[in-house]
Structure formats: structure tokens, C-alpha cells
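All remarks here apply to the structure that follows.
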Amino acid sequence: MEGGVPEADISAFRECLSLSWKNPYVLRLAFSAGIGGLLFGYDTGVISGALLYIRDDFKDVDRKTWLQEAIVSTALAGAIIGAAVGGWINDRFGRKKAILIADTLFFMGSAIMASAMNPSILIVGRVFVGLGVGMASMASPLYISEASPTRVRGALVSLNGFLITGGQFLSYLINLAFTKAPGTWRWMLGVAAVPALLQFALMIMLPESPRWLFRKGREEEAKAILKRIYPPQEAEAEINTLKESVELEIKEAESSDKVSIIKMLKTKTVRRGLYAGMGLQIFQQFVGINTVMYYSPAIIQLAGFASNRTALLLSLVTSGLNAFGSILSIYFIDKTGRKKLLLFSLFGVVLSLVVLTVVFHQSSTHSPLISAVETSRFNNTCPDYSAAMNPGGWDCMKCLKASPDCGFCAYGDNKVNLSYQLNPLLLPGACLISNDMTKDECHKEHRLWYTRGCPSKFGWLAIIGLALYIIFFSPGMGTVPWVVNSEIYPLRYRGICGGMASTSNWVSNLIVAQSFLSLTQAIGVSWTFMIFIFITVAAIVFVIVFVPETKGLPMEEVENMLERRSLNFKFWQRSSDSG
């Protein structure tokens, strides 16, 4: 399948590192555009922590699951529109202008969110941020891909993936930094304007993508940029190859109608590219990654850790592992190839989801009992517990599920929560009305107050399961879909196809984020993770059948490979004519 192209190996990673002194201009292009990934990651991570404090400030948000999901998912709805419109903007006005527009939208959204006086204005700000993130999510990797030398293209596009996970890690650090500050969540959301301003300042001084310039007939500008990107001995050959490729596409465009969805789908190379590109983006979301990133503090609280700060601190660990995994991707993607990295990633995700499923099942079936004696010590018993026909059979989980107005006051204290001696927390506790007064009374007796999960001796296993999930997901499914989508489409259709793939990613993201909390309430956390297991198995089959290997292929050769490609289930074997 490689078609005689020299195979990229570990030296590609070393070459990528050597750019810092051999050709810092290439790294400058990649890093400046990659800040779009940082914006993407920051927004994904920051809302998970901010939501804990938004719920404290706006009681409607705390009581209504759909409102929490709306605050998360309206940004995703904006991202869907941003990605869809972004494809057209990328092709019409260029990659650079698309990134600058995305930065402007993100800055506006951050300002609106930071000053929101009610959930409705907060949601408007989330839409603006979503528009910017959606546009940047496809424009940034596209710009990096088209401004990178072939040999290190995978590693440099993976840099965008690293900045996504770096943005998530940064967001948790920012969340922790402002937990004690007045206005907590306003600072968390407002700080997001800083990377948008930084990228705008950097990008405005950089050139347009050389491939786009060639496509628009601005050859001299494109040649000047390519001569700065490639070593002198390679620049002329790359210019000639790109020129021939663009001339061929222009002739094809002149002899045919305008680009249309029907025409694209009738073109074998585009159709096969879309199968792989859109499929990877859809599965990236449906294996559950953004439920982990958007709701990781909530998941950690469901595992039995009561404190907001503790949940954020433990989420910081999973976010750090995510960033570490994306560094591994930069190292391995041009060594092992895209396809094998995807499969390794997905098999690991199945394993970690099995761990999470078992842990949450055990947690829900072994929660502390409700003690009538403990409950009677307080004057505000949960009405559902008082009216129950068989209160003796109630446990913490049943108390919390009975009504959003019920909470659990555990027997243990804060000093025990982070140690391994969790037994006092597992003793029978009290089922009480959930409000600030009750919470304060519970804390005065040095007890822990639970409204989102129950004390559990399996809590640390849930953290291990989340960590395993991130470690396996990040190097493969976290970055490879963006790399494949940046290199698999013919130049003429690249912006539109990239926009379609990004849109499919955000639509899938919206569906998963909008339904996760409702699913956990309806069928439980363990069964929700079980659904993700079945989807991940389907993703493994999809990758084996539909995703070609693009490692080490010049962009012009990728199209030829798709043209002659047939299905090959023996993915571990190289072939000269099939993928």
C-alpha cells in the first residue's frame, strides 16, 4: 500500500524535534495554528469543573439535569454550525482567515460567559464559544498538515492533538486555582479569552497555507513559503509535485460542474476517504471520551468522593494522563502507523470500560444503608424517605435516586475521605432534605454530604478505570482521527470534506454529552458504560475494514492509494496495492 514511498519511522520523531534548531519556522507555523487545539481542549475541560460551581450559584441548574446538559451541549451545537460553515470558509477565504474568525468568536463567547447573570446568558456565551471551537477544530489541523514537510506531517498534526489535551490539563489547573476565589466559575470561563487573543496575534503575522495559495493561483507566494518549509534540495521537487497536483485538479474542476455533495459521493477516492474520516470522528465520540472529559468531576463524585475540590484534583490527574498520551502519539504515529495505533487504543478502551462497568455496578449495589436513628438526629428528613412503605430497605443510592431534593449525610468525616480506611463512611447514615442548611448541619458534625454519588470502597478503582481509559484512548483515538482527516482527502475537496468530518464529530459529541447524565439516571452508570463497550467493539471492526494506512505517504499519493484500495482484513501486513 505504501507504493514505494520511504517508510516513516522513529527518525521522523527525532526529525520533528530537530526542527527546533534546523527550521524553527515550521514549528512556529504548527504551534501558532495548534493553539486552536488548545482552545478546543480548554473549553472541553473547563466546563466540567465550572459546572460544579455554576450548580452552587444557580439552583435551577443544580436541580435540573437537562439544564446542566444544555450548558454543556449548546457549545457543541455551536461547534456543529462552526465546523459546517468552517469547511466553506476554509475553501473560500483560506485556512488563516478561518482561524482568525474562530479566535474572535471564542473571545466574544468567553466575555459573555464570564459576565452572565443567569443560565440563559451563560448558554448564549456557550454558543459563541462553540462556533469558534468548531471552526478551529478543522482549520487548525488542516493548516498544520498543509504547512508541514511530508516526513513529519503526522507528528506535527499530532502536536495539535497534544495541545487539545494540554488545554484540558490547563483548564483543570485553572479550575483548581480559582476554587477559593470570589466568582469561581466566572474566572474559569473568562480566562479562556487569553489563548484566543494569543493565537490571533500570532496568526495575523503568518502566511496562508501554501497548498491553498497554489489552488488560488498565487504561486509565487506559495513557492516562497515552501522554500522556507523544505530544505533547499527538497523544495523544488515539492513545488513541482504540488503544482502538477493542483493543475490536474483545476482542469478537472473546469471540465465539470461545481462541487456538490452528490458529485463528491460519486467520486471513489472522496467517498472512501469520507467513510474512513467521518467514521473515525463519529466513533471517537461514541466510545465515550467526552463524557469522561466533560463530566469527569461528576463521575468521580458518583464514585463516592464528595468534595468539589477533591473531584477537580482527581480529574486533574486524568487530564494529565490525557496530555501524556498525546505526547506518546507524537512519538509513535509515524513509527507504528495510524491504523495499528488506533487498534491498540480501542482494545485498551474496551478493557478500561469493563473495569468501570464492574466498579460502578459494585458501587451502586453496595452503598451504605439509611439509619432511622441517624436520620432522626436531624430535623429535616427527606419526605420520600418518611413516606416510604419500607424505609428499612433504603440505602444511600435509593435515597439520592428518590428525588433531587434528597441528600445523604455519611457517618464518617472529611479526614477519612482521602485515606484507605473508608469503613466509617460505609456505616449507615441519614437521608435528609438537600439544601444549604442541611449541608451545613451535616458538615458541623464532621460528616460528609453526598448528593451526586455515595461513599464506596470501590471509589479508587473507578479512578484507576478512568486513568486506564485515558491512557489507552489518548495516543490513538484521541489524535489519529484528526491526523487521518487532515491528509486523506483530495485537495479540491479537502475543506468541504474536513468540514463534514468535523461536523459529524460535533454532532456525535452533542448526542453523547446531551444524553450521558440522563442515561446514568435512567439505567445507571454501569449500564451506560456497558453501552460504550459495545460501541467500541464496533469501532474495532470499522477500523480494520474501512481505515487505510496513510503513514509516510505524500498527500498527492494518498489519492492514488484510495483509488486502487480494496478491503484488507490482514491489517498487520503491508501490501503494495491495498490498504
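Placed from the backbone N, Cα and C atoms, the Cβ positions cover glycine too.
Annotation comment: TrEMBL describes 29-551 as domain 'Major facilitator superfamily (MFS) profile'.
Annotation comment: TrEMBL describes 29-54 (among others) as transmembrane segment. Counting residues 6+ beyond its ends, the transmembrane segment (29-54) has Cβ neighbours under 8 Å at 61, 68, 71-72, 75, 95, 99, 102-103, 106, 119, 122, 126, 129-130, 132-133, 136-137, 139-141, 143-144, 147-148, 156, 159-172, 174-176, 179, 184-185, 188-189, 191-192, 195-196, 198-199, 202-203, 206, 229, 290, 293-298, 308, 311-312, 315, 319 in the same chain.
Among residues of the same chain six or more beyond the transmembrane segment (66-86), those with a C-beta under 8 A of the stretch's C-beta atoms are 43, 47, 51, 54-55, 60, 98, 102, 105, 119, 122-123, 126-139, 294, 499-500, 502-503, 505-507, 509-510, 513-518. Annotated transmembrane segment per TrEMBL: 66-86 (among others), in sequence order.
Summarising the annotation, TrEMBL assigns transmembrane segment to 98-117 (among others). Proximity of distant same-chain residues to the transmembrane segment (98-117), defined by a Cβ-Cβ separation under 8 Å and at least 6 residues beyond the stretch ends, is recorded for 33, 36, 39, 43, 82, 86, 89-90, 124-133, 135-136, 139-140, 143, 186-187, 189-193, 196-197, 199-200, 203-204.
The annotation transmembrane segment is assigned in TrEMBL to 123-144 (among others).
Panel annotation: around the transmembrane segment (156-178), residues 16, 26, 30-31, 33-46, 49-50, 140-141, 144-145, 148, 184-185, 187-188, 191, 195, 293, 309, 312-313, 315-316, 319-320, 322-323, 325-327, 329-330, 333, 474, 478-479, 482-483, 486-487 of the same chain, lying at least six beyond its termini, place a Cβ under 8 Å from a Cβ of the stretch. The annotation transmembrane segment is assigned in TrEMBL to 156-178 (among others).
TrEMBL lists 184-206 (among others) with the feature transmembrane segment.
Look at TrEMBL and you will find 273-296 (among others) tagged as transmembrane segment. Outside the transmembrane segment (273-296), and at least 6 residues removed from its termini, the chain residues within Cβ reach (under 8 Å) are 44-45, 47-48, 72, 168, 264-265, 311, 315, 318-319, 322, 342, 346, 349, 353, 466, 469-470, 473, 477-478, 480-481, 484-485, 488-490, 497-498, 500-502, 504-505, 508-509, 511-513, 516-517, 529, 532, 535-536, 538-539, 542-543, 546-548, 562.
According to TrEMBL, the feature transmembrane segment maps to 311-334 (among others).
What TrEMBL lists as transmembrane segment is 341-360 (among others). Remote same-chain partners of the transmembrane segment (341-360), defined as residues 6 or more beyond its termini with a Cβ less than 8 Å from a stretch Cβ, comprise 280, 287-288, 302-303, 329, 332-333, 458, 461-462, 464-466, 468-469, 471-478, 480, 524-527, 529-530, 532-533, 536-537, 539-540, 543-544, 547, 571.
Residues annotated as transmembrane segment in TrEMBL: 458-484 (among others).
Sequence-remote contacts of a segment are chain residues at least 6 beyond its ends whose Cβ falls under 8 Å from one of its Cβ atoms, and for the transmembrane segment (523-547) they are 275-276, 279-280, 283, 286-288, 291, 299, 302, 338-339, 342-343, 346-347, 349-350, 353-354, 356-361, 364, 477, 484, 516, 567, 569, 571. The annotation transmembrane segment is assigned in TrEMBL to 523-547 (among others).
Long-range contacts of the transmembrane segment (184-206) within the same chain: residues 28-29, 32-33, 35-36, 38-39, 42-43, 46-47, 49-51, 53-54, 57, 96, 99-100, 103-104, 106-107, 109-111, 113-116, 125, 129, 132, 167, 171, 174-175, 178, each at least 6 residues beyond the stretch ends and with a Cβ under 8 Å from a Cβ of the stretch.
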